[in-house]
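Copied from TrEMBL, the annotated features are:
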type: COMPBIAS; residues: 457-472; note: compositional bias 'Basic and acidic residues'
type: REGION; residues: 449-472; note: region 'Disordered'
type: TRANSMEM; residues: 6-29; note: transmembrane segment
type: TRANSMEM; residues: 41-60; note: transmembrane segment
type: TRANSMEM; residues: 72-91; note: transmembrane segment
type: TRANSMEM; residues: 112-131; note: transmembrane segment
type: TRANSMEM; residues: 143-160; note: transmembrane segment
type: TRANSMEM; residues: 180-201; note: transmembrane segment
type: TRANSMEM; residues: 213-237; note: transmembrane segment
type: TRANSMEM; residues: 249-268; note: transmembrane segment
type: TRANSMEM; residues: 274-295; note: transmembrane segment
type: TRANSMEM; residues: 307-331; note: transmembrane segment
type: TRANSMEM; residues: 401-420; note: transmembrane segment
Amino acid sequence: MNDVIAGFTVIGIGTGSQALLFSVAAEVLPRKYRPFAAASLNLTAGLAAITSVCMGGALIRSGDLENYRPYFYLAASLFGIGVIACAFCYNPPPRPLQIELTTKEKLRRLDWIGYFLLTPGLVLFCLALAWSQNPYSWDSVNILAPFFLGVALLAAFGLYEWRVKKDGMVHHGLFRDRNFPLSLVTIFVEGIVFFSLNSYYTFQVSIFEQADLLVAGLHFMILFLTTSAVAFVTAPLSKHYKVVRYPTFFGFLCLLLFNIILATVTPRSNGKGFWAYPIVAGAGMGVILPLIIVAGQLSTTPTLLSVGTGLLMSIRALGASVGLAINTAIFNSTLSKNIPKKIAAAALPLGLPPSSLGLLIQALLSGKSSAIMKVPGVTLEIAAAAGAGLVEAYGKGFQNVWIAAACFSVVAAIAAFFFFDPKKEFNNHIDAPAEAEIVEEQARVEGANSAVPIENKSVEETSQHDENVSKA
């Protein structure tokens, strides 16, 4: 387990650079093509997810858990190719500050205090939620200590970024109009809802349908297929009509509908529906993530594009972390209440001795049929009824997770409705051309005002944003 924790810590550091993909793709293209930039990344991520779901499920389908190694060998190889590609194929002209500042000055500008407040605060807060009811109760010091310490650190982080560090990771210059804070709210909820789906959908399929990991993963693959297709359609529509508001609102309505449907599913529902439900969620996801990023990026100045994109992706990861912790707490709490009740209601009327109830619950949770039949007083009929009771208990847990996700989706849909469409920002300007020739050509075409370095255009762009906001 120590190796797993260390490995995923390294992976987490690596995936922290994901925001740079969205930044680079956005800044090297004309602004009107930013929907294509975000959608293309969404499309490739979907294809990668499809590959990983199929490969991962197939490798360990037989029950040999050691087969996970080839998957990580392939992942390491792909990351190596990515490193080589970035090192040799992406060499944009350096920005003025890259040349003017020394390495020490660049490091000094980083938000170190913010990092040291946010990271442990988030870890402690999520750890407390994840441990609640499994294995500790809410009145345990093992829950209360990390929970309140985490809350205190997160509160200190908020105050520090608000009152002290105005040019840190939550740069105050990003909040020039309502689109950026709304982007933060909606992408936070998107992180919560998507990772609820990511964590519990295949789990529910495997419990309700007794499906192996590959088959359960294929159900989930439908979501990525739909997401990729919808993103491919969303980009040209957003560019042509210069819109982000109503498509994003529609996307969250799709997620809301998906969560409502899943909240009504029971173990007795038609299992074929599990192949169709991801289409609804995928239709929403294919719109939401690309256009939230576009809305956030078009509300920032070129100098803050990477900072703004990084904050957006960080808030998404924050939503995922907090959402996973909340869902774990909800799920574990529901199971702790319902497993004994449902199994007792199913098994005791059939003649199971009350003294054997605890042993039967432990055996069922182990998943070993041999252990179940060794419990005193258990018959095949009792074992089958108790197993059905366990599935019913899991069903209540899944239902509560989807209800919580639906509530978050409502909040995001309302927030998305208040976006405005930054139509004037869908123009031909390139924030950071990758070739020096394009920099010169753009300066010549845009005239004397555009000949000023791009970093100094924030005043002009601010007035343009103000005009957009007033019209919205």
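Counting starts with 1 at the first residue shown.
Placed from the backbone N, Cα and C atoms, the Cβ positions cover glycine too.
Long-range contacts of the transmembrane segment (143-160) within the same chain: residues 113-114, 117-118, 120-129, 131-132, 136-137, 168, each at least 6 residues beyond the stretch ends and with a Cβ under 8 Å from a Cβ of the stretch. Counted over residue pairs 6 or more apart, the CB atoms of the transmembrane segment (180-201) and the transmembrane segment (112-131) come under 8 Å in fewer than three pairs, which marks the two as apart. Most Cβ pairs within less than 8 Å of the transmembrane segment (307-331), among stretches 6-29, 41-60, 72-91, belong to 6-29. Highlighted: of the candidate stretches 6-29, 72-91, 213-237, 249-268, 274-295, 213-237 has the greatest count of Cβ pairs under 8 Å to the transmembrane segment (41-60).
Residues 35-36, 38-40, 42-43, 46-47, 49-50, 53-54, 56-58, 60-61, 197-198, 201-203, 205-206, 243, 247, 274-276, 278-279, 281-283, 285-287, 290-291 of the same chain sit 6 or more residues outside the transmembrane segment (213-237) yet have a Cβ under 8 Å from a Cβ within it.
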